[in-house]
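J.: Quick one: the structure is below, and I'll ask about it shortly.
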Amino acid sequence: MADTEQPPTAPTAPEPTTATPTAPIAPVAIFKKRGAKGKANLRKRPASPPPAAKDSDDDSSDFESSEDEATGQRIKRRKKNHHSAAVMASSRDHNASTNSGVTKEEQIRSNTIYEADRDAALRLDATKQDATKGSNWFDEDNEKEDLSVGNLLGRTRTMMKTKKKVGGEDDAVQNSEREPDGTYRGLANQASYIQKNPNAPNRKVGPIKAPSNIRTITITDMAPDVCKDYKQTGFCGFGDNCKFLHAREDYAHGWQLDKEWENVTKGKKNLQGTVVASADRRNKPKNTAEEEEDADAAEEALLENIPFACIICRGPYSNSPVVTRCGHYFCEACALKRYRKDPSCAACGSGTNGVFNAAKRLAKLLEKKKARAERLRREARERGEEVSEEEDEGEDEGEGAEGSD
């Protein structure tokens, strides 16, 4: 398809409108330079009076011009300045007073403005609150002492003194006497700000004299923390995690040891020496007691992991003791009574399934242990040693249990 060209159309003239403009047209400002003839017809302003002597240092531009509404005369008035103590009056009043015959003193009294004299030094400053200022406050007026020790630490602390050499360089001073200068000298050489007591002794190490009005007595006593369950029954549920000592032997407190030592020595302080061993062992006879002790130690090793009392009733085994499948020993009555409520083992918590075997070997070992303990107590009494009350009570209970059987 070919494009068709249209002939150009003539521009149409705007249609005349009869509507009036709504906004008025702003007038144009015209500036005209005044000629020499116009300047001659102007009225000259009267000369302003000279400033006072005290106000000579003020700026000459501190004047305000005002125009009198009644006469149309333009009068210059001096601007009020709070830093001057001069008496100020307008030139209009001055001219009126001279014309009316008023004296100068009356004019000053009527138009005097009293102001404070700012030339004198102020004793109090409202911005610094000097009325409540303390002696240890930081003062910013003195630039030399802004960062001094007295301003930073206050007046209540004493100034630290530094020693100087002849040349003026700082000498090696003690930690408490060195003034901080921002240099790190290590942890041991830090400055100390703790004030020392002048009455305190200068000695830092070594013995210090005790006060004469106080008497101190120190007594060290033997009181070990022994596991009560292990001592009474030979078994502890905590095992190796128990924080108490697992020991079944008898121990004595400090006062008991002292009493036993006094009974043995009978009050004698210097005891004669005794021979503890002999180098000649060829003619030494065989000691049957050592062999017996070795045999007893072997038996005790067997009974080390076996409690010598029932852990349920915490008493000696009554009737015939029984052993569970896990290897723990109980009284027959205690084991059956517990099995009615809880079928698990009282020592380890494993299931027993109602199986309790007779512990015949345990009965024989316990009898040997009782006989050996009785023999040791008898020998101790013969040597004059004291026997603990717990051993006697255990012996009596064991005899009572055997009698009941």
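One is the number of the first residue shown, and numbering goes on along the chain from there.
Placed from the backbone N, Cα and C atoms, the Cβ positions cover glycine too.
If you look up Swiss-Prot, you'll see 1-114, 162-184, 370-405 marked as region 'Disordered'. The compositional bias 'Low complexity' annotation in Swiss-Prot covers 15-29. The annotation compositional bias 'Basic residues' is assigned in Swiss-Prot to 31-46, 74-83. The compositional bias 'Acidic residues' annotation in Swiss-Prot covers 56-70, 387-405. Look at Swiss-Prot and you will find 221-249, 310-349 tagged as zinc finger. Marked as compositional bias 'Basic and acidic residues' by Swiss-Prot: 370-386.
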J.: If you average the pLDDT over the zinc finger (221-249), what number do you get?
T.: 85
J.: With DSSP, how much of the zinc finger (310-349) is helix, how much strand and how much coil, in residues?
T.: 10 helix, 5 strand, 25 coil
J.: Could you break down the residues of the compositional bias 'Basic and acidic residues' (370-386) into DSSP helix, strand and coil, giving a count for each?
T.: 13 helix, 0 strand, 4 coil
J.: How many helix, strand and coil residues does the zinc finger (221-249) contain under DSSP?
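T.: Across the zinc finger (221-249), DSSP assigns the residues as follows: 9 helix, 2 strand, 18 coil.
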